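Peer 1: Here it is, the structure in full.
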Amino acid sequence: KRSTMSRAAAAVAVRRFAASSGAGTSGGRGRGPVSWLSLGLTAAVGGGLVVFYNHEKQRRQTLVTSAKQQKSYGKPALGGAWTLVDMQGKPVTSADYEGKYTLLYFGFTRCPDICPSELVKVGTVLDKLPDGVMAKLRPLFISVDPNRDTLEQLRVYAKDFHPAINYLTGTKDMVDVITKAYRVYFIKANENEEDEEDYLVDHSTVLYLVGPTGDFEEFYTSNVSASEIARKIENVIAPRVDAMDSSGANPLAAISEFLSNLVPKVDK
């Protein structure tokens, strides 16, 4: 008996819900193409997609920005071997820069504001460095948009910034290798469904200083001034340049002196 009453109550509830959801501006005479239920489902799905996108963006950005909120002990495990292509179409590898320091910036040539301002800052940093430090440093712009950043596009783009900066691109797989090595966050944004070439790339804005053996040295976020970056880079490179110069100032003379001490002197 209770089961029969429960089924009857459920049937009444269903009829009431159907009547309420079917009521519209027409006074309930017909159900419109859009109901409150469909609107609710659409909003829920759209909200879920927004939440997922923001969560994924935050998760990947945390790899870089977490250093701002907490103390760092030691150096992050960043870097590794890579192969890219320069503006002349010549393959270049991380091994080509052994013996030199590199300053890496990841961006894309169609970036409307952040990349140009950061590259101008890089130019200011380079102008502030002493000649001896600059002789040991190779600044590199690495594209995270290989689909649109062609060699010609890079050559045109390079004309607007410091002449010491070299510009590299490559295939998607090549770019994936180096961006993963340095934990660079980037993702397409504001895509135009009618034009696959019309989009932006949301990416991290970090400069990486890499040592002459490929070891990661330091990184500088966008909130660090050009003067501070230049000071930090000089503090890393200058002492080592001075040490190398003093130890190798006249290697032939040092060898000659060492050999002469091995030969016993004979009085005439």
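From the backbone N, Cα and C atoms, a Cβ is placed for every residue, glycine too.
Reproduced below are the annotations present in TrEMBL:
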TRANSMEM  34-53  transmembrane segment
DOMAIN    71-238  domain 'Thioredoxin'
BINDING   C111, C115, H203  Cu cation binding site
DISULFID  C111-C115  disulfide bond
Peer 1: Measuring CB to CB from C115 (Cu cation binding site), give everything in the same chain under 8 Å that is also at least six residues away in sequence.
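Peer 2: Counting only residues 6 or more apart in sequence, the Cβ neighbours of C115 (Cu cation binding site) under 8 Å are G107, F108, T109.
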Peer 1: For H203 (Cu cation binding site), just count the other CB atoms lying within 10 A of its CB, please.
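Peer 2: The Cβ of H203 (Cu cation binding site) has 23 Cβ neighbours within 10 Å.
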Peer 1: Looking only at Cβ atoms, how many others are within 10 Å of the one on C111 (Cu cation binding site)?
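Peer 2: Step by step: centre on the Cβ of C111 (Cu cation binding site), count other Cβ atoms within 10 Å, giving 19.
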Peer 1: Specify all same-chain residues, apart from the site residues C111, C115, H203, whose Cβ lies within 8 angstroms of the center of the Cβ atoms of the Cu cation site, ordered by sequence.
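Peer 2: Surrounding the site, in chain order, are F106, G107, F108, I114, E118, V144, V201, T205.
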Peer 1: As a test of reading the model: what is the averaged pLDDT for the domain 'Thioredoxin' (71-238)?
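Peer 2: Averaged over the domain 'Thioredoxin' (71-238), the predicted model reaches a pLDDT of 91.
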